[in-house]
Every structure is written in structure tokens, then in C-alpha cells.
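Data first, discussion second: the structure below is written as C-alpha cells.
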2 protein chains.
Amino acid sequence: MTVTALPEPALPADLNPILAEACRAASTAARHAWSALDRQARAEEVRMGADGTPTMRIDELVEDAIVAVAEAHRINVLSEEVGFLDHGSARTLVVDPLDGSANAAAGVPLSCFSGALVADGTPVEALTCWLETGRSISARAGVPVTYRTSGRTALAGSALSMLRPKVGARGDTTGVWTALSGRAGRVRILSTSCLESMLVADGSIDAFADPGSDTHRLVDLIAAQLIVPAAGGHVCDAFGRDLDFSHDLTRRYSGVVAASRDLAEEIGALITATI
Amino acid sequence: MTVTALPEPALPADLNPILAEACRAASTAARHAWSALDRQARAEEVRMGADGTPTMRIDELVEDAIVAVAEAHRINVLSEEVGFLDHGSARTLVVDPLDGSANAAAGVPLSCFSGALVADGTPVEALTCWLETGRSISARAGVPVTYRTSGRTALAGSALSMLRPKVGARGDTTGVWTALSGRAGRVRILSTSCLESMLVADGSIDAFADPGSDTHRLVDLIAAQLIVPAAGGHVCDAFGRDLDFSHDLTRRYSGVVAASRDLAEEIGALITATI
């Protein structure tokens, strides 16, 4: 296919400069990987990540670029592949360097930089940027945002994105997946949790869920935890676990990101009852 | 979310000028709808289309722009909403004006212009353009292309896109959907058949299928019928029906678009055996 020049991230002018610099570094590294490496080279598994899943070459390239920004600013990092890097700061840059890694490696143009600044254990500012288009969404704690969720409160007829059905730590999620799909009006699997959360925040879809496979880590959800409630929505774990900041990336969740608290709770209850 | 300026279609210089002009007109009309109308206005059902499904306002705006191009060039049109318009030509512009209409109406940025020029019943040139990024793919009968499918020949472990499971004319496709999903390595539902076919053609995914719901019409598949075989892949109906050119848009198919004939036949056979 014709590949148009991939755009720079379109970021708000008042975004925290560390988040902005980290996102631009991620974008530059990803664009380099797309132009210089073929699919096989991008997808090569180079080591095991801190989250317990393999790190692909494209993950490593993007994360390295972000870590360099954090080091230059002497801020701690918590990231999917390297885990926690203590630079002696009260602030931590928590990032999913390349959400939708499998998309990015294969050439399906749906991948994101997503991160949050955490100060003394509390997220204070968050950004998700869809790398292939440069579109971004951000929020700062306590500051109103201009975007709104759809406000939908019931699953029946809703536009729902999900992770694919699979065998997870609690067993096969196919039954839950089909139960949710059967109630939804529209169903999508984009394979990029952070982009799907952006679409909930701006009202393009009503909800996104991991249907009980406990695939999510904190880094998949932390930006949404600030961005989605600011827009009127709700983020939770389907099984009610706290989504508190922690350095332990082996902790897993089944995230539910929804246009309203009622919708998140209905989806979570259905997952808990069906799995 | 920040919305970057939506790009013009990136089209090859030697593309047939009617296809190029129709695509640019579609892109301009879609961008106007995105900027001037809200979700509700874009999704408003304005009438019943020739394919037997409701026409949304955004479908109508985009199709009207394409039909005007065809009229100016005195070429016939076969399109999802208006059906066949006879302008007394031996050539017909067959188009899905806005593939992924539900995405486009809601603001999920995954929608396409897709069309083919048919001369005396035979497709001679085809184009699909992802409107939100401007990326395009095209093919001309008998002319080699630079892109290739992945070449994958087996479903096990493949990257498979599907239409969502639903109740179709042959009953509930949930069982087929989960049987296919259980064999695939990666599963996606992007809700835009023409973009998913582009991704098969350029090797980003291995296959795309309607798992037996008979949702597809000729306009969803005609561009892929020229583009995907040129790249080494195969396009067929899961139930073996001919995909011949016809003016009858109420004819339905369960399209299978795959990186190889073997893979298409394996998917088709599994759908036929399971439904």
C-alpha cells in the first residue's frame, strides 16, 4: 500500500514537557523501525520483559528511546520491558512504550505510545498518542477536559471493543466473550487497549474490556485511569481488584473501560458471573 | 482527541483518472461530514439502500460525490445505496462509497473508499483508500504489483480478521467464529472489510473472512478480487458461489480473502462444515 509520511504526534501546547518529549522520542523510534526493519526483524524476540512476556525488537527500540528521555530528566521509569528504573526522583514516568506491539510489528497501523506521570504514587498527567496518525488525548488531574464519553449506561446495543477470546489464567474466556458480544450492538477487536480506551474517552465507542483473561498490566490502563474519568467514564478491574500504582508488572488485571460507571459495573459483573 | 488534518488520498500517479477523481471526491465529502456533522447527524438513516440496508447520511454524502464524478465522465455506476445507474457506457464504476460506515459515523477512524472499473463485465482496475490516513492500494488487470501477501497456507497460528459473530441468513455464526478464532494466532475485528482486505494484500495479516453470515455484497469484495490475487492471494465465497459481476446488490456472500488459495480453501471449508 502507499505509505504516506507518518505524522509527528499532535500534542497540546501545555502538555508536560517530559511526557511530550517521551512521546516524540517513541514516535521517532517507531517510524525508524517501520522504515528500516522488515516485519520479521521488528517482531524478533530479543529477551523476556519485566511483565513476563517476550520483548520484540520494535518494543525495545521504542522503550530505549523513552528511557533515554527519562534519564536526561532524572525521573524514574516504570515500563513494560525494563520494569522499574530508580533515578532517585519522587516522580515516575509510567509507560506502555508501544501498545499494540503485535500490530506495530506486523504493519497493522494501530499502535500507541501511552504514559502517565506519577508523583508520590498518584497519577497527575496522562497521554495516549496513536503513533500512525499522530492523534492524541491527554488529561491532567483536577483539570476539566473538552472531550466526553458517550454516557451510555447499559451494555445492550452498545459499541463494545474487547481483547480476543483466549485461554487465560482463569480458563477459556470464549464463553464470556460471546456472552458480551451477544448483548453488544457493535463488536470490535483492534488489539490496542490504549487506542480502544481513547475511543471510549472521546465517545466513539461505549466500552472496552478484557473479558476475564487477566492480560492487562498497570501500564495498559494507567493513562485511561486519568483520561476516561475526566470525560465522564469509569475504569476498573472486572474482578474488583485495586488498580493502585505498584512497581510489580507481573500483577495482572481484566480492565474494563466504559462510558459510565453503570456500564463498567454491568460488564464487570457479567464477566465475573460467566467466567 | 486532537484531530490532525485529515490527509488527501495518496494515490499512484498512473491510476485511472476516474478512479482517482472518485476517490478524491469521496475523501472530500467524508472530511466535510466529519467536520460539519456530529455523530448523530452522520448516522441518521435517510432511506433504504439498493443493497437492502439503511443508508446513513454520511453514506449518502459520500456516494453523491462519487456519482457526480461518474456522471461527468458518462460512466455507469453500481453502488451500495443507489444501485445501478446506467449512463449508456460499456464501463461501470463499481463502488463501496464508504466501507466501514458504522466506524465512520461513530468516529472510529477506520473507513475506506473502495472501487473497481468494470469493462464489459470484467474488473480492469481497482483501488481501496483508507480515508483517515490517505493510504491506498491499487491494481490493474495483468500488471504486476509491488506488494505481496504473507504467503501463509494454513489457518493454525495465522493472523485472522473477521466480521463479528451474529445471526445471519444461515443462523448464528458464533460457533464458526469461535472455531476459527480458536485456531488463529491473532484475531481482529476492524469492521471495515476493504481495509482488512488491504492488510491481507500487503502481508500485514494473513486472512479476512465473513464467518458465514452472508453479509458481504459484491461491492465489498470487487476491489479485493483484483488486488489480492495480484499479490499472490485468493478471494472466494465460503460457500463456493461465483463472485461474478452483477447489478443485483441484494446478492450476498461470505467473503474469504486470504494470503493463499490453500488458506482461503481451509477457511471456507471450516465455515461450510461448521455453520
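Easy rule for this one: first residue shown is 1, then count along the chain.
Just so it is clear, glycine is given a Cβ too, placed from its N, Cα and C backbone atoms.
Taking Cβ-Cβ distances under 8 Å and a sequence gap of 6 or more within the same chain, the neighbours of B:E80 (Mg(2+) 1 binding site) are B:G49, B:A50, B:D51, B:D59, B:E63, B:V95, B:D96, B:P97, B:R217, B:V219, B:L249. In the three-state DSSP classification, B:E80 (Mg(2+) 1 binding site) falls within coil. If you look up TrEMBL, you'll see B:E80, B:D96, B:L98, B:D99 marked as Mg(2+) 1 binding site.
Under the heading Mg(2+) 2 binding site, TrEMBL lists B:D220. According to DSSP, B:D220 (Mg(2+) 2 binding site) is assigned to a helical segment.
The Mg(2+) 1 site is defined by B:E80, B:D96, B:L98, B:D99, and by the 8 Å test on Cβ atoms against their centroid, the other residues of the chain that qualify are B:D59, B:V62, B:V95, B:P97, B:G100, B:S101, B:C112, B:F113, B:S114, B:C194, B:V219, B:D220. Cα of B:L98 (Mg(2+) 1 binding site) to Cα of B:D220 (Mg(2+) 2 binding site): a distance of 10 Å. Of the recorded residues, B:D220 (Mg(2+) 2 binding site) and B:D99 (Mg(2+) 1 binding site) place their C-alpha atoms 7 Å from one another. Annotation for the binding-site residues B:D96, B:D99, B:D220: lowest Cβ count within 10 Å of the residue's own Cβ, B:D220.
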